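Trainee: As listed in TrEMBL for this protein:
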DOMAIN    401-563  domain 'Hydroxymethylglutaryl-coenzyme A synthase N-terminal'
BINDING   Asp428, Tyr542, Lys641, Asn674  (3S)-3-hydroxy-3-methylglutaryl-CoA binding site
ACT_SITE  Glu478  active site, proton donor/acceptor
ACT_SITE  Cys510  active site, acyl-thioester intermediate
ACT_SITE  His632  active site, proton donor/acceptor
DOMAIN    663-750  domain 'Hydroxymethylglutaryl-coenzyme A synthase C-terminal'
Amino acid sequence: MKFYQLEPEARRKLLQDEGIALEQIDDAVLRRLDELSENVVGQLRLPLGVVQNLIVNGQKYWVPMAVEEPSVVAAANHGASIFARNGGVTASSDRQGIYGQIVLKVNNSFSLIELEKEFPHLVELANQKFSSLVRHGGGTRKITAVQKEDLLYLKVLVDPAEAMGANKTNSILEFLAAKLENYAGVDEKLFAILSNYPSQLATAKVKIDPQTIGGMQVAQRVALLGKIGIDDPYRAVTNNKGIMNGADAVLIATGNDYRAIEAATAVLANHDGQYRSLSKWTMQGSYLVGELTLPMAIGVVGGSIKARHDVQQSFAILGQKITSKTLAEIIVSVALANNLAALLAISTVGIQAGHMKLQARNVVAELTDNEHERKQLLAAMISEKNYSESHAKELLAKIMQVGIDQIGLFTPDKYVDMVDLANARKQDQNKFLVGIGQREMSVADITQDAVSMGINATLKFIDKIDKNKVGLLIFGTESSIDQSKSASLFVKTALKLKPEVRTFEVKEACFGLTASLMMARDFVRVHPEQTAIVIGSDIARYGVNTAGEVTQGAGSVAMLIKADPSILALNNGHSAYSEDINDFWRPNYSRTALVDGKYSTQVYLDFFKKTFTDYKKQKGLKTSDFDAITYHLPFTKMGLKANNIAIEGQDQATMIKLERSFAAAKQLSSRVGNIYTASLYMSLLSLLENGELPAGSLIGLFSYGSGAMAEFYSGKLVEGYEKQVDPTADQAMLDRRKKLTVKQYEDVFNTALLDPEDGLELTSDDEVGTWYFAGTKDHIRQYRVKE
C-alpha cells in the first residue's frame, strides 16, 4: 500500500521503525485529525492565550489567540487596555460576499450581450441548486463579465452567510461553468475557482487621549511612525507583520483560513501600486486616532470549525453566539491593539530597560562560551538597545567574522599571445581561444620566481595595513625555490615584518593557498587582535611545444586576513574531499610538471560535484542562493565546465546569474594563464573587479589541488568592498607587459629553466620598484628591488 493509503497508526509505526521519535497521541484524536488532512502522523500544538476585556462597539470580549511567538498576546492585552481607557474600539464589517472567477475560451460566434441576458436566470438556477445556502441567508448574488479577445472573464458574487464559504463557492462556480460550456460560442472552460481578492472588509477605529499613553510627545511619535509606514515600504512590511501577529493568532484560534487573509492583505497593502502600512495613525486635534482595515473572509460555521474541539473551545472563550460580522470586527480590533503596542514600544525610550539588559545576558550566555565574545556582544547589545536573540546572533556573527581584508595580484612583464602560439604550433586558433579559453599567457623570465612575485603581490597593499599587527605569514606554492628554507622568510625580510611573525611554507599542488587561508582564518579567530598574510605564488611550466604548453602562466596573489574584513567575510563550514591519485605531479628531478590532462580534468569535475553537493547539503543551501561561484582556473574552459555542472537543471534566472558572474571571474585568468595556487584567488579578484555584485552577495569558492585535494566554501561580500580593489591598476599592470614572439618566449622559457651561475648578478627589465631574483651568492638566493 502507498503511504497515504495506510491507517494513521500504521504511518506512525513506519516512521518509528526508521528511528523517528513521535509524541504520544490518543488514537481517537489521531483519527479525527486524519479526517482533516492527509498523511497525518501526529499533531502540532500551539499555546492558547487570551486578550482580556477588549471593548468593541461597547461590548467586552475575551478573545482567544493561538500563537507561539513571545509578546504577541502581551502586546494585544496592552493595546486593549489602552483602548478600554479611551472608550474602546468602534468597528464595522462589510460582508458583501466572496467573488469567484470563471474563465472561458470563446470564438467569433460568441455574443457577450446575449449571454448577459442569461445572468439572472443563471443566478436563479444556482440558488435553486444550492437552496440550503439560501435558507441560511446566503446565495449567489450576481454575475458580471468582461471579454478580452478570445477569453471571457466572469465574476460571480456569492454570499456565504456565516461560513467562510470557500468550498461552497467553488461548487457553485463549477455548477455555473458546466452550464456555460454549453452556451453558443464557448469553446471550453479554462478554470472555475474562487478568488481571494479582498472583497469582505472589516475596519476598526480608535481615538486615544495622549495622556493615557505617556503624553503628547509619545502620541506624536506614534503618528510620525504611522506616516513613515505609509510612505516607506521597508517600514510598512514590518508594521503589517505586527498587525498580522494579532490577526493571525485569532484566525488560527477560531479555525479560520489565515492564509487566505494573508494573501488578500498583501493586495490591500499594495492597492495603489506601492506597498503601504495597513494602519493609519494621525493626530486629529489633541487626539491620536488609529484606523485599520483588513480583509476578513471568515466564518463561524462550516468547514472544520464545528469538527474541531479546540476551535469550539475558542468560541466558548468568546462567551456568546458570535456572528461572522462580529468576529471580523473583533479580529481587526485585536490587530489594531497589537499595532499600537508595537508602535509604543518603538516610540518610547527606556521601556523595561533593566529587564531587557538582564534578558540580554541570558541570550549571550546561550550563544557563546567565549568570555571575550560575551563581553563584546553584551556591550554591543546594550549600546544599540536591541536585546532580541536574532539581533544578538547578527552581532555575534559580525564579532566573529574573519576574512579577506586586502588582496593583491602580480604577474611578470612578458606575455605570449595565444593566436601567435596557435599559429606557431599549426593549431586552429579557436582550440586555444575557445577550447582552452585563453587569450594571453604571462611568461616569467629568469629574474622572476615564486618569492619575487609573492613580494610584488603583497606590495600592492602593504602600505595600507598596520605591519605591527601581522602575526602570521604563510606561503603556498608548488614552485618552491629551496628544499629546506621557506619562501616566506625571504618575503618577510623584504616586507620588513617584525621578527615575532610566525612564518612557513605549505604545499599541496594548487590547493596550497586555500590551506594557507584556512589556517590564517583559524589563527585570527584565536588572536583577533592580529592579522595574517597568505600568499600563493607559482610559475606553471609544462615545457615548450608540449600538450600542456597552452595552460602555462606565472603570477602571485597575496591577501591580508583579519577580523571584521573589508572584502569577503568567510562563512563557517566547508566541504572537503581527497584521494591519493596521479593526475598531475612534478618529480624532484624535473623543472617541468607531468600531467594526464583528460584524467586531471575529469577528477577536477568529479571533486567539484562531490564538494559542491556536500556543501549545499551541509549548509541547507540551493544553487540559486549563490550570487557567484569562483573556481580554480588552470585554464578558463575547465572552470566553465564546472560552472555548467553547477547550473544544470536550474531556473533561467539562476543560470544567467552564474553565467554572468563566471564571465566576470575568468577575465584575469584568460590573460595571465595558470598560476597554480593563486588561480582561484585571481578568479575571485577578477569577480570583485568586474562582477558588479552588491554587498552581502554569497560567493562560493571551489579550490582544487592535483594529487588530489578539493574544498568548497563560501563567503559574503562586505559593504564597501569595491573600495579595496583597483581594477585600473591591475589593467595597467597587464598593459605594461611586453608581447613576445613565439621564438622569444621559447628562449625566455628555456633560459628560466636553468640555474644561473653562482655569483652572477642578474638584472631586471621590469618597472622601477619591482622586486626580482638577482641570482645567487655563495649559493644563497638574492632578491633586489629595481631602481
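Residue numbers in this text run from 1 along the chain shown.
Cβ from N, Cα, C; glycine included.
Where the annotation comes from TrEMBL, it is an automatic prediction and has not been curated.
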Trainee: Give the maximum pairwise CA distance in Å, whole number, for the residues Asp428, Tyr542, Lys641, Asn674 listed as binding (3S)-3-hydroxy-3-methylglutaryl-CoA.
Mentor: 22
Trainee: Just to be sure I understand the packing, how many Cβ atoms besides its own are within 10 Å of the Cβ of Lys641 ((3S)-3-hydroxy-3-methylglutaryl-CoA binding site)?
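Mentor: Summing over all protein chains shown, Lys641 ((3S)-3-hydroxy-3-methylglutaryl-CoA binding site) has 17 other Cβ atoms within 10 Å.
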Trainee: Which of the active-site residues Glu478, Cys510, His632 has its Cα closest in space to the Cα of Lys641 ((3S)-3-hydroxy-3-methylglutaryl-CoA binding site)?
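Mentor: Minimum Cα distance from Lys641 ((3S)-3-hydroxy-3-methylglutaryl-CoA binding site) across Glu478, Cys510, His632 lands on His632.
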Trainee: Have a look at the recorded positions Asp428, Glu478, Cys510, Tyr542 and say which one has the shortest Cα distance to His632 (active site, proton donor/acceptor).
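Mentor: Checking each of Asp428, Glu478, Cys510, Tyr542 against His632 (active site, proton donor/acceptor), the shortest Cα distance is to Cys510.
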Trainee: Just to confirm my parser: what is the rounded mean pLDDT across the domain 'Hydroxymethylglutaryl-coenzyme A synthase N-terminal' (401-563)?
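Mentor: That region's mean pLDDT is 95.
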Trainee: I need the CA-to-CA distance for Cys510 (active site, acyl-thioester intermediate) versus Asn674 ((3S)-3-hydroxy-3-methylglutaryl-CoA binding site), whole Å please.
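Mentor: About 10 Å separates the two Cα atoms.
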Trainee: Distance check, please: Cα of Tyr542 ((3S)-3-hydroxy-3-methylglutaryl-CoA binding site) against Cα of Glu478 (active site, proton donor/acceptor), rounded to an integer number of angstrom.
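Mentor: About 13 Å separate the Cα atoms of these two residues.
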Trainee: Do you know the DSSP helix, strand and coil residue counts for the domain 'Hydroxymethylglutaryl-coenzyme A synthase C-terminal' (663-750)?
Mentor: 46 helix, 21 strand, 21 coil
Trainee: Which residue, out of the recorded positions Asp428, Glu478, shows the minimum number of other Cβ atoms inside 10 Å of its Cβ in this structure?
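Mentor: Each of the recorded positions Asp428, Glu478 was scored; lowest Cβ tally within 10 Å is Asp428.
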Trainee: At the level of the C-alpha atoms, what whole-angstrom distance separates Asn674 ((3S)-3-hydroxy-3-methylglutaryl-CoA binding site) and Glu478 (active site, proton donor/acceptor)?
Mentor: 12
Trainee: Including all protein chains displayed, how many Cβ atoms other than that of His632 (active site, proton donor/acceptor) lie within 10 Å of its Cβ?
Mentor: 31
Trainee: Any idea what the Cα distance is from Glu478 (active site, proton donor/acceptor) over to Asp428 ((3S)-3-hydroxy-3-methylglutaryl-CoA binding site), rounded to a whole Å?
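Mentor: Their Cα atoms are separated by 31 Å.
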Trainee: On the three-state reduction of DSSP, what should I expect for Tyr542 ((3S)-3-hydroxy-3-methylglutaryl-CoA binding site)?
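Mentor: Its secondary structure by DSSP: coil.
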